[in-house]
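Step one of this worksheet: look at the structure below.
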Amino acid sequence: MAAAPSHPAGLPGSPGPGSPPPPGGLDLQSPPPLLPQIPAPGSGVSFHIQIGLTREFVLLPAASELAHVKQLACSIVDQKFPECGFYGLYDKILLFKHDPTSANLLQLVRSAADIQEGDLVEVVLSASATFEDFQIRPHALTVHSYRAPAFCDHCGEMLFGLVRQGLKCDGCGLNYHKRCAFSIPNNCSGARKRRLSSTSLASGHSVRLGSSESLPCTAEELSRSTTDLLPRRPPSSSSSSSSSSFYTGRPIELDKMLMSKVKVPHTFLIHSYTRPTVCQACKKLLKGLFRQGLQCKDCKFNCHKRCATRVPNDCLGEALINGDVPMEEAADYSEADKSSISDELEDSGVIPGSHSESALHASEEEEGEGHKAQSSLGYIPLMRVVQSVRHTTRKSSTTLREGWVVHYSNKDTLRKRHYWRLDCKCITLFQNNTTNRYYKEIPLSEILAVEPAQNFSLVPPGTNPHCFEIITANVTYFVGETPGGAPGGPSGQGTEAVRGWETAIRQALMPVILQDAPSAPGHTPHRQASLSISVSNSQIQENVDIATVYQIFPDEVLGSGQFGVVYGGKHRKTGRDVAVKVIDKLRFPTKQESQLRNEVAILQSLRHPGIVNLECMFETPEKVFVVMEKLHGDMLEMILSSEKGRLPERLTKFLITQILVALRHLHFKNIVHCDLKPENVLLASADPFPQVKLCDFGFARIIGEKSFRRSVVGTPAYLAPEVLLNQGYNRSLDMWSVGVIMYVSLSGTFPFNEDEDINDQIQNAAFMYPASPWSHISSGAIDLINNLLQVKMRKRYSVDKSLSHPWLQEYQTWLDLRELEGKMGERYITHESDDARWDQFVAERHGTPAEGDLGGACLPQDHEMQGLAERISIL
């Protein structure tokens, strides 16, 4: 659209008065060609609206005013020319009627009565339209769920969360955080709309007339066809019950003010990012652990160092803090809207009270029909949350070094030459470099030390001494041979080659340290000043090297969480398997370091069969190593690997009881876990009814019985509403998490639909418990879940009240728990006082325990339990 300074001008491609007719076009100086006479479907005036070379046949109701005609014209511009639309288009257009009998061909339409049947009305852009008007094009933002990692196009940071992570513009397709909504400039390009501009408004049943005409459509049809294409205002508090919620960018007045500001070059400073961020110039990820890129100190623009020279000089100065929205604009948003936009928690998961999203599957064109059917239910499927990503163990280790090596030992002084291959777990001595047959394996976990050549008593007379020694508990290996004055002797004997093997073995013994922190020249890599804290006997020893006590396997990644990576390991002397959490101090701030120390301090004070055992902690200037007992797997793995994607009631009762008993011990010591979820419930064995232990106390807090805390902790998918709403919370926070764990165990889905407020869903039991699978689950289980998922903390069940619930007080569950206690050799779940009660129960049942209704409830699950046991064994 081009503004006409002195006389009205047509919209794109429109010929003005007195201009020659375009080739093959229409001569507007002569009477227009006879238009097809299509009878109007009802009372009203039918006429053509022409914009450039495009005509649309519309039907105007008889009682309509000129404003209605202008709205139709704006709708056509949005549909046919989205790149030409701008803010305030309605006030900047004029309507002219073609009158071939008049000296002035175009007659200004001043009212709807001026339009007669069959007229041709030209839409013309007024000369009052300014350059700023063309630049202001508001976004039409809707809440969107992303199935792949996405980044905010305003701040460059990743959109975090399971579902509803951010906002997507219906016009240009750009993505934004909800918290960035009020800072987004109104610069929608309409790229997505432009793909639709070649279709007619009545595309479902239209026939093109001439080059650009279509069948008539009524005003209602035209409005409906363009509803989804027009930028919409955010909903007011009175319309909060609508099926969809929309956001717009910053106020138009602010955009006009910023356009008048002088744009200056950016002031870039090197910046370290704590969240994944993309360069806003090239849209590529800023890679690295720290100092990844440059950030403008005024407008916070992020880019690579190499892209800084290509960034235009368009800095608008210091960004407004909480000042982007005037009071009158903020008044249009409900309180729930404001809290959901300003709350940092929205990047981590589902938030009670946040905006809903209608027909999630309909907004994602790339999804298949199968997913659409699943999404129509609206329940979030159970998955491993982003904060605790599980990794599988690689079957084959990476070869670190290989080659021919000469060696002998204190058990056999005969010198041998084998092809050595070093990987992350062992040294394998092959017969040659082409066969799989090997002579010996030396596990790295059995190596106690690698020392320079010291013992020469076994060197045969007249032979060259060895270069270094590998010391294990039973055997000492003497490796290499030092040829006199020949640094590059035969293969496997050269001093340089053997020294390379010594260095490689030292690095393999503690490779996790050396991944990010190369040692200084002349300094032994893994010999660092360290502090060892033994939890079992509370001994603190200085200058203890973890490599002398444990072997860590870097290719056996057990998991990764908030504070670091968990590797498999082995105690060198006893051969006991352990799990080692390795944390790089340089990668997290002091606050998270204090959380780690908090976890260690809590685990030091806990000794319970239902809580993971912490052995010791090692600390170096660069890293922290937390050594714990290694378990078989986690509860989430058991749920996802089951045949139906959920657990039978009998097994769920067995596991939930153990979780509650462990929580009772924690709460007795005034400790609240704060991050309870299936990933943090570990299985001690592959048995179908395993012992479980709680782990990951990084978020745990010391909270008294009647005390409250306000700091935000935990994983949002399992957190209670009071935490997500920044209200005070107490130990009942863990009980909400138990309710969610119980729900996902029995159903395989999270209990909340993403489209409604949690409070509303809890009060609507029919919505929370759909027939599949809850029609096959007992009412007692549903009753316990309802009492755990109580929004009001005072109504939520405690640990003791949950353990006393009839659903858990079942004879078969008691038998399963007693069998587990018999295997463990310790009674810590059940109590002796219950024996008499269950003996009386058996006597009343005529000595046939678990018969009748109890036995009938358990028999159908035998097949499921057998299949689940097989899957756990495979895992």
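Glycine residues also receive a Cβ, built from the backbone N, Cα and C atoms like all the rest.
Positions annotated as region 'Disordered' by Swiss-Prot: 1-35 (among others).
Per Swiss-Prot, compositional bias 'Pro residues' is recorded for 14-35.
According to Swiss-Prot, the feature phosphotyrosine maps to Tyr87 (among others).
Residues annotated as zinc finger in Swiss-Prot: 138-188 (among others). Averaged across the zinc finger (138-188), the predicted model reaches a pLDDT of 87.
The annotation phosphoserine is assigned in Swiss-Prot to Ser197 (among others) on the grounds of a large-scale study or a structure entry.
As annotated by Swiss-Prot, phosphoserine applies to Ser203 (among others).
Annotated phosphoserine per Swiss-Prot: Ser211 (among others), in sequence order.
Positions annotated as phosphoserine by Swiss-Prot: Ser214 (among others).
Summarising the annotation, Swiss-Prot assigns region 'Disordered' to 224-247 (among others).
Look at Swiss-Prot and you will find Ser245 (among others) tagged as phosphoserine.
What Swiss-Prot records for 265-315 (among others) is zinc finger.
The annotation region 'Disordered' is assigned in Swiss-Prot to 332-374 (among others).
Among the features that Swiss-Prot reports, domain 'PH' is placed at 398-510.
According to Swiss-Prot, the phosphotyrosine annotation covers Tyr408 (among others), on the basis of similarity to another entry. Annotation for Tyr408 (phosphotyrosine): spatial neighbours Leu414, Arg415, Lys416, Leu458, His466, Tyr477, Phe478, criterion Cβ-Cβ under 8 Å with sequence separation of six or more.
Taken from Swiss-Prot, the feature phosphotyrosine applies to Tyr439 (among others), supported by similarity to another entry. Contacts of Tyr439 (phosphotyrosine) defined by a Cβ separation under 8 A and a same-chain sequence distance of 6+ are given as Lys416, His418, Leu429, Phe430, Gln431, in order along the sequence.
Per Swiss-Prot, the feature phosphoserine maps to Ser519 (among others); the stated evidence is similarity to another entry.
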Query raised in the report: Could you count the residues of the domain 'PH' (398-510) that DSSP puts in helix, in strand and in coil?
Result: 18 helix, 42 strand, 53 coil
Query raised in the report: For the zinc finger (265-315), DSSP counts of helix, strand and coil?
Result: 3 helix, 14 strand, 34 coil
Query raised in the report: Looking only at the zinc finger (138-188), what are its DSSP counts of helix, strand and coil residues?
Result: 3 helix, 14 strand, 34 coil
Query raised in the report: Among the binding-site residues listed here, Leu558, Val566, which has the most company in the form of other Cβ atoms within 10 Å of its Cβ?
Result: Val566
Query raised in the report: Looking at the binding-site residues Ser560, Gly564, which sits with the largest number of other Cβ atoms within 10 Å of its Cβ?
Result: Gly564
